Amino acid sequence: MTEGVPGQPRRLPEPVPRPWRDALGWLVLTVAGLALTALAVRAGAQLGTASAPFLGRYRLQLGPASLLAPAVAAVVLVLGARGWLDRLPWRLVLVWSYLTALAWALALAVADGESGLTRALSSPDEYSADLAAVGDTPVDFVRHFTERAGELSVAARGHPPGPVILLWALHRIGISDNLALGLLITALGTVTVPLVLAAVSGTCGELTARRYLPVLVLAPYAVWTAVSLDGIVAMLGAAMIAAGVRASAPGRTGRRAAAWAGVAGLLAGVAALFSYSVPWLGLALILLYFARRRPFLNLASGIGVLIPVLATSYLLGFSWASGLGVAQHDWTSRVVPHRSALWWSGISLVALLLAVGPPLLASLRKVRNTPAWPFLVGAGVAVLFSVLAGLARGGVEHAWLPFFPWLTVAAVAPERQAGTPVPAPLALTALGAVVAVVIEAVLATPW
């Protein structure tokens with residue numbers, strides 16, 4: 001206390017609440033990052049895009065459908081503020097998380113009309129353009145994938161054959177309409193949300209997972225989740241970690257633990273057939289096993305990873321390592337000469353701030369306070385490595401989709417280790433939802 005009027009103590013000003021400080025910090029960093037981006041554009045830097053820090057182009061798209069996303073966000077935030085999620089049975093919480101995340105992704109996508117759900121499937125640079133190359137012989141396509149990579153689309157050259165084969169299989173079973181495909185791919189990618197919540201529940205408890213739901217559902221990166229094969233990679237990565245959490249659960253030992261660890265490895269191996277970067281998420285699994293003092297589970301998961309990768313190599317003739325080399329060569333010749341590594345190392349972090357939203361700052365501040373720190377550290381190392389190695393040169397809003405959900409997991413951690421649970425950061429979540437709506441209105445993505 002300090003003295004004001006003689007004899008009357010004057011109260012010190014109340015400290016600014018933590019969420020508001022986190023929001024202010026995020027705003028300062030984002031504005032500074034956007035200023036850096038504007039400087040790069042004015043300086044004529046080689047960025048390879050007209051819409052830095054993202055890929056695509058800027059335009060303004062507003063219409064009646066633009067009201068859908070704010071309506072979904074309002075429902076999620078109001079119910080979260082009223083504590084409705086704390087009273088709902090856990091299984092229904094998972095169902096609710098899936099339905100609202102799907103509604104959020106679709107509501108953002110349809111702001112562009114039907115094309116928001118079909119554009120990516122009709123682009124000559126995307127996987128659909130390669131379906132004719134598969135024809136009636138998918139085995140031959142996979143066997144000669146690396147040899148013919150130069151004849152394939154830009155998307156296919158940078159990935160293993162998994163995405164093309166998945167689209168081919170969907171066409172073969174009769175799902176060939178672009179709108180139906182877009183809805184199905186979005187629905188599959190959205191399964192990531194309940195899987196992440198299941199992993200958080202298994203490490204931090206159900207209450208923390210319930211509080212994390214609004215943050216996860218209304219994340220700005222949902223702008224890029226719709227009609228995204230990278231969203232399916234994120235789903236496989238989340239399933240891998242959820243299985244790893246089950247494997248290392250207290251009291252689960254012996255064959256049951258090894259079986260779940262093997263499943264986690266299998267999922268990681270399948271994910272590796274869709275993306276060359278997702279194996280980095282395996283670091284989160286390794287850290288989890290060591291944090292729970294179950295390091296031998298790494299052996300079961302390691303064997304599981306090798307099964308789909310080696311089976312594809314020996315039975316179908318696709319070498320994952322050779323495919324990675326081809327993708328690296330394509331990236332070196334197509335991207336490196338036209339996108340400055342120096343500028344993009346900073347601009348990619350601006351894209352990260354916008355795509356993940358304000359909860360990112362709260363999460364990074366409290367990473368030591370959550371048992372789920374292996375998830376955040378594993379995803380964070382993957383992001384940091386790609387930036388420092390000069391690999392992040394545009395398009396990280398898509399490429400990092402498998403890592404985004406884990407970067408905000410500590411946003412609902414206590415302010416101190418073993419402290420009392422904190423409410424869901426709804427103010428930060430609401431600000432992130434506004435960011436998503438604005439991005440969708442002004443950015444036309446190539447996907």
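Note that Cβ sites are derived from N, Cα and C of the backbone, with glycine treated the same way.
Curation plays no part in TrEMBL annotations; they are all automatic predictions.
Here is what TrEMBL records for this protein:
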{"type": "TRANSMEM", "residues": "23-45", "note": "transmembrane segment"}
{"type": "TRANSMEM", "residues": "65-85", "note": "transmembrane segment"}
{"type": "TRANSMEM", "residues": "92-111", "note": "transmembrane segment"}
{"type": "TRANSMEM", "residues": "179-200", "note": "transmembrane segment"}
{"type": "TRANSMEM", "residues": "212-245", "note": "transmembrane segment"}
{"type": "TRANSMEM", "residues": "257-290", "note": "transmembrane segment"}
{"type": "TRANSMEM", "residues": "297-321", "note": "transmembrane segment"}
{"type": "TRANSMEM", "residues": "341-361", "note": "transmembrane segment"}
{"type": "TRANSMEM", "residues": "373-392", "note": "transmembrane segment"}
{"type": "TRANSMEM", "residues": "426-444", "note": "transmembrane segment"}
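The largest share of C-beta pairs under 8 angstroms with the transmembrane segment (426-444) comes from 212-245, of the ranges 65-85, 212-245, 341-361. A Cβ distance under 8 Å defines the sequence-distant neighbours of the transmembrane segment (92-111), meaning residues of its chain 6+ beyond its ends; these are 61, 63, 65-66, 68-69, 71-73, 75-76, 85, 117, 182-183, 186-187, 189-194, 197-198, 206, 209-210, 213, 216-218, 222-223, 225-227, 436-437, 440-441.
Beyond its flanks by at least six residues, the transmembrane segment (212-245) meets 73, 76-77, 80, 85, 93, 96-97, 100-101, 104-106, 108-109, 116-121, 127, 155, 159, 163, 166-167, 181-182, 185-186, 188-193, 195-200, 202-203, 260-261, 263-265, 267-268, 270-271, 274-275, 278, 281-282, 284-285, 288-289, 297, 301, 354-357, 359, 375, 397-399, 401-402, 404-406, 408-409, 411-412, 424-426, 428-430, 432-433, 435-436, 439-440, 443, 445, 447 of its own chain at Cβ-Cβ distances under 8 Å. With a cut-off of 8 Å between Cβ atoms, the residues of this chain six or more beyond the transmembrane segment (341-361) that come close are 22-23, 25-27, 29-30, 33-34, 36-37, 40, 45-47, 52-54, 215, 219-221, 223-224, 383, 386-388, 390, 392-394, 396-397, 400, 404, 407-408, 411, 425, 428-429, 431-432, 435-436, 439.
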